[in-house]
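Quick notes on the structure that follows.
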Amino acid sequence: MNPLLANLVSANCFEYLIFNQDYQILEASSGVHEFVDNSESINLGDDIRLPFPELVGIEEILVEILQGEQKNFNLKGVKRCLDEDSPLYMDLYIIKNVQVDSSHHTTSEFIMIVVNSTERMVMEQSMMQSINNANFLLRNLTASKQYIDQIVTSMADGLLVTTLSGKIKKINLTTTKILEYSEEELLGQNIEEIIRDIHQLTLDNVAGEGNFSQTIKEIEISCTTKSGKNIPLAISCSVVQTEIEHFQGYVYILRDMTERKQAELAKQEFLAMISHEIRTPIASVTGMASLLLNTKLTAEQRNFTNTIYLSGEALHKIINDILDFSKSEAGKLELEAEPFELRRCINEAIMLVAPKAQEKGLSLNFLDNSAIPTIIIGDIVRLRQILVNLLANAIKFTDHGSVEVSFTGSKIANYNHHPEGIKPHTYELQFAVKDTGIGIDKNHFDRLFKVFSQVNSSITRQYGGTGLGLAICKQLCELMGGRIWAESEPGLGSTFHFTIVVDVVSETREHTIHKTSESSGEIAVSHISHHVQIDTTLAQKHPLKILLVEDNLINQKMIQIMLQRMGYNAEIANNGLEALAALRRQLYDVVFMDLQMPKMDGLTAVKQICEEWTPDKRPWIIALTANALPEERDRCLQLGMNDYLVKPIRIAELMETIKRCHPIVCDRS
Ligand code: ADP
């Protein structure tokens, strides 16, 4: 063996083979056996291409090496063992070797060095694998970023992302359209510079107590766009919290509410218009029928007229229910917060339904609870509405037995301060309306409080109704901080429970509230009738010169007849212009002023009256309108009107309004 090669082999660097120009093996290191193909053995004199078939086809290159045209030949990473668990790779290097013998005769041969490259190759392969994996991840990441970008871009709402300090980092196309700034103008700005009222969103709440997934409730603010336009903007915010600081911040969703507001306004106007158009003729029907009921009639005529009156009232209730429901849906249902006597409210509700209970031979009871305070702050009209709805249903669906109202209450908090100086306590009052009627099947419970749902159509045919009553009750209870639910045993009866949260005024304020004589105990229902007794001597006791300003002929006639029944002779003006002319001609104590009229409407007429006459010289003005919204009443009172009557005009309310009038105390001559 070549001594140098033998030394190198012994240092474990490589193995080698020497072969001649005819490819015959001349010499081989002992460890080279490991690298042969298919367990071929190495025998001196054998063709090297048998144990190393990789050399087949490179004969021309070997000739070039012999002739000195090429220095060497390398073959790297040759895989020898196909077993994946213990792979074997080698690198082959072939160079020319010139042997000089003792007679200075030279022969050329080849040395093939075989180096085990398994470790390097495995590393290279695992690196390749990692690179492939990384490329695959990168492609996926790029695609998912594109996907998210496309979603964000196509969002109909504006999306705005800021850092924790409020610097705008990302926006979508809708945001630029809403705010009218370009992307360049927005990125990098502080959000407070762009949306000034953003501080109204209390971000502390969002990030509060480590609960970062919380989204803040949407609020509506006014926002000035780049061009100076003020738009209503609904805005909500949530916190983005990741482990990497760069990806922390706030995500805002912006929605331009301009169109929605316009649609809401149009709906409100439509509702107000419809309410006027429908209520006016219904008012005429019920008004005329109630007047007719106050005249001499045969039993049959009275019966017919009564039906007309009751149908008109039923229709009126349906219209009111629909209006209430849509108002509440639009968030427009506002509750009063005035002190009132709780038992009076319950008694009034009972009185309203008592005639029907009496007609059906049902006993109607109020189980009073003396432990509960008397005066509460709330909306008497709406509480009565819930009670009347539940009582009317109980009576409607009960043929024998009784209907019973009861209530309990428990204190839930103490207030030390109250804006009006009163010291109220907060109570949860729980009411129950119990009947012994047909009951309700358990399967229908979840549908009960949904709008337009009646438990089944045969019941609807038999009992009528719109299926709105309980849905409205539910909304009203929730507005009052409570809830409503039912219990029932089919065939035995139902109990409807509801709660409301109210402030209770201490007993010391009781003297300021009108008290009814029947504030507790079971009330007698026999004497209650829904037809009003007209005070025919009112004009003598309370003389007034009245001008009725109303364009609708039927309304004119009806109100005029109602007033005549009380002894008043009202004069008529058909619109605001005629009213002004009449007022300039002579003095009136009271003007009933319709609001919607041709030529000159009521509001314009009142403005002119207030300009022309000082408060001590001008008449007491009562608005007549079909619009029962509280804003309408406030608008009338602010304009200088003294009182307000909602159509349909009921004779009892008309009498009360007249009793409240103060005639002018000035010289009539
Ligand atoms: P409606 O105007 O049709 O009475 P409600 O919303 O008040 O509408 O009631 C919905 C339905 O619930 C009724 O049609 C009836 O089937 C059922 N219901 C309500 N109250 C009672 C009750 N006290 N007893 C039996 N069924 C009732």
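Here the Cβ of each residue, glycine as well, is placed from N, Cα and C on the backbone.
These come from TrEMBL:
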DOMAIN    144-195  domain 'PAS'
DOMAIN    217-269  domain 'PAC'
DOMAIN    273-504  domain 'Histidine kinase'
DOMAIN    545-662  domain 'Response regulatory'
MOD_RES   D594  4-aspartylphosphate
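Residue environment of the residue listed as '4-aspartylphosphate' contains 27 other Cβ atoms, counted within 10 Å of its Cβ in all protein chains.
Remark: secondary structure over the domain 'PAS' (144-195) totals 26 helix, 11 strand, 15 coil, with classes taken from DSSP. Helix, strand and coil content of the domain 'Response regulatory' (545-662), in residues and according to DSSP, is 53 helix, 22 strand, 43 coil. Helix, strand and coil residue tallies for the domain 'PAC' (217-269), in that order: 15 helix, 25 strand, 13 coil [DSSP]. The average pLDDT computed over the domain 'PAC' (217-269) stands at 86.
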